[in-house]
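Engineer: The structure's right below; bear with me while I get my questions together.
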Amino acid sequence: MKNKLPPFIEIYRALIATPSISATEEALDQSNADLITLLADWFKDLGFNVEVQPVPGTRNKFNMLASTGQGAGGLLLAGHTDTVPFDDGRWTRDPFTLTEHDGKLYGLGTADMKGFFAFILDALRDVDVTKLAKPLYILATADEETSMAGARYFAETTALRPDCAIIGEPTSLQPVRAHKGHISNAIRIQGQSGHSSDPARGVNAIELMHDAIGHILQLRDNLKERYHYEAFTVPYPTLNLGHIHGGDASNRICACCELHMDIRPLPGMTLNELNGLLNDALAPVSERWPGRLTVDELHPPIPGYECPPNHQLVEVVEKLLGAKTEVVNYCTEAPFIQTLCPTLVLGPGSINQAHQPDEYLETRFIKPTRELITQVIHHFCWH
């Protein structure tokens with residue numbers, strides 16, 4: 001029953017108080033099961049059907065899909081349940097205690113992005129879900145901050161095809177219709193060690209990597225010349241060399257060298273296309289030194305994303321907000337949800353607060369966010 005639902009600020013407080021950290025380091029990684037249980041119970045109280053989906057390949061993590069209404073199409077509101085780890089030495093407040101001060105709600109996940117579910121639940125108090133003409137879906141995903149495994153798995157397995165979706169990442173209520181992707185790779189070169197006094201008796205992996213880097217930088221220039229998307233502040237795919245390590249002593253021929261790099265592809269560029277370009281760039285080194293160069297993913301790749309600018313979702317949201325859609329350089333789960341239906345990224349709070357100590361959401365977002373959620377539900381599910 002709706003009268004069982006706690007007040008907005010108590011929902012928010014309970015979400016923040018329930019840890020759900022995602023981390024590649026196992027010691028820091030946490031299950032989101034308790035948070036999913038909280039959300040599932042609240043949506044059941046509102047009359048939703050709730051499905052909890054274990055996410056394979058994770059450490060006891062789950063997605064939740066709450067649904068109400070009949071028929072095809074409808075609206076999907078989505079967000080992730082996990083947060084990044086916190087640096088205890090840099091926080092001046094308890095990350096798991098919601099505190100309000102000077103027009104700001106502080107806590108880990110207030111902006112990125114547990115708070116979005118509090119806004120959805122609060123808005124639904126005034127919605128009679130039995131009268132919806134089209135279905136309404138609420139998706140809560142796992143592991144966005146690391147592998148995006150939850151959104152990937154949901155998109156791969158669901159039969160849902162809503163009319164449109166909104167992901168409530170912190171965009172300061174500015175609608176986002178496109179962003180770049182992210183690919184991170186490790187280039188490893190295996191040489192042959194030996195004493196530095198006789199270089200011919202070894203294969204210096206650093207020297208081979210020097211050759212490989214030259215070809216990678218040429219690829220970087222080619223990407224900048226061949227691909228362009230004017231709406232982005234950096235209107236071409238970027239390629240960054242972020243980390244390199246090789247060798248263990250000045251008098252030893254380096255036996256192994258490893259380079260970590262990332263590429264930020266534009267929307268429309270496929271992951272297969274980029275992998276092919278990288279392999280082509282490194283082919284001269286591989287052909288000269290067979291079996292010594294390998295390329296491995298550091299993290300699962302994320303494609304670029306774009307919602308068609310003329311889609312009804314864009315037109316409706318721009319009209320409701322009085323603001324044009326934007327494009328951004330950071331990544332979200334949108335590429336995976338976009339495979340199901342046209343998707344916008346739109347939510348309260350600033351992206352500048354994401355992953356920061358003393359994370360907060362300004363209280364000025366409370367009223368307009370609640371109104372926006374109510375309006376999009378009425379537009380896409382009542383008509």
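Glycine is treated like the rest: Cβ placed from N, Cα and C.
Copied straight from Swiss-Prot:
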BINDING   HIS80, ASP112, GLU169  Zn(2+) 1 binding site
ACT_SITE  ASP82  active site
BINDING   ASP112, GLU145, HIS355  Zn(2+) 2 binding site
ACT_SITE  GLU144  active site
Engineer: Are there binding-site residues among ASP112, GLU145, GLU169, HIS355 that sit within 10 Å of ASP82 (active site), Cα to Cα? If so, list them; otherwise say none.
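Structural biologist: The binding-site residues passing the 10 Å Cα test are ASP112, GLU145.
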Engineer: Which binding-site residues from the set HIS80, GLU169, HIS355 come within 10 angstroms of GLU144 (active site), judged by C-alpha positions?
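Structural biologist: Those near GLU144 (active site) - Cα within 10 Å - are HIS80, in sequence order.
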Engineer: At 10 angstroms around each C-beta, which of the recorded positions ASP82, ASP112, GLU145, GLU169 has the fewest other C-beta atoms nearby?
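Structural biologist: Minimum Cβ neighbour count within 10 Å, taken over the recorded positions ASP82, ASP112, GLU145, GLU169, occurs at GLU145.
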Engineer: Among all protein chains shown, how many Cβ atoms are found within 10 Å of the Cβ of GLU144 (active site), not counting that one?
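Structural biologist: Summing over all protein chains shown, GLU144 (active site) has 24 other Cβ atoms within 10 Å.
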Engineer: Let me know how many other Cβ atoms fall within 10 Å of the Cβ of HIS80 (Zn(2+) 1 binding site).
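Structural biologist: HIS80 (Zn(2+) 1 binding site) is surrounded by 30 other Cβ atoms within 10 Å.
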Engineer: Return one of helix, strand or coil for ASP82 (active site), based on DSSP.
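Structural biologist: Where ASP82 (active site) sits, the three-state DSSP reduction gives coil.
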Engineer: Taking the Cβ of HIS355 (Zn(2+) 2 binding site) as reference, which residues of that chain separated by at least 6 in sequence fall under 8 Å from it?
Structural biologist: VAL84, ASP112
Engineer: Can you grab the distance from HIS80 (Zn(2+) 1 binding site) over to GLU145 (Zn(2+) 2 binding site)? Cα atoms, rounded to a whole Å.
Structural biologist: 9
Engineer: How many whole Å apart are the CA atoms of GLU145 (Zn(2+) 2 binding site) and GLU169 (Zn(2+) 1 binding site)?
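Structural biologist: Pair distance, Cα basis, whole Å: 12 Å.
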Engineer: Compute the centroid of the Cβ atoms of ASP112, GLU145, HIS355, then list the same-chain residues not in that set whose Cβ lies within 8 Å of it, in sequence order, for the Zn(2+) 2 site.
Structural biologist: THR83, VAL84, MET113, ALA354
Engineer: Other residues with Cβ within 8 Å of the Cβ centroid of HIS80, ASP112, GLU169 at the Zn(2+) 1 site?
Structural biologist: GLY79, MET113, PHE116, GLU144, ILE167, GLY168, PRO170, THR332, GLY347, ALA354
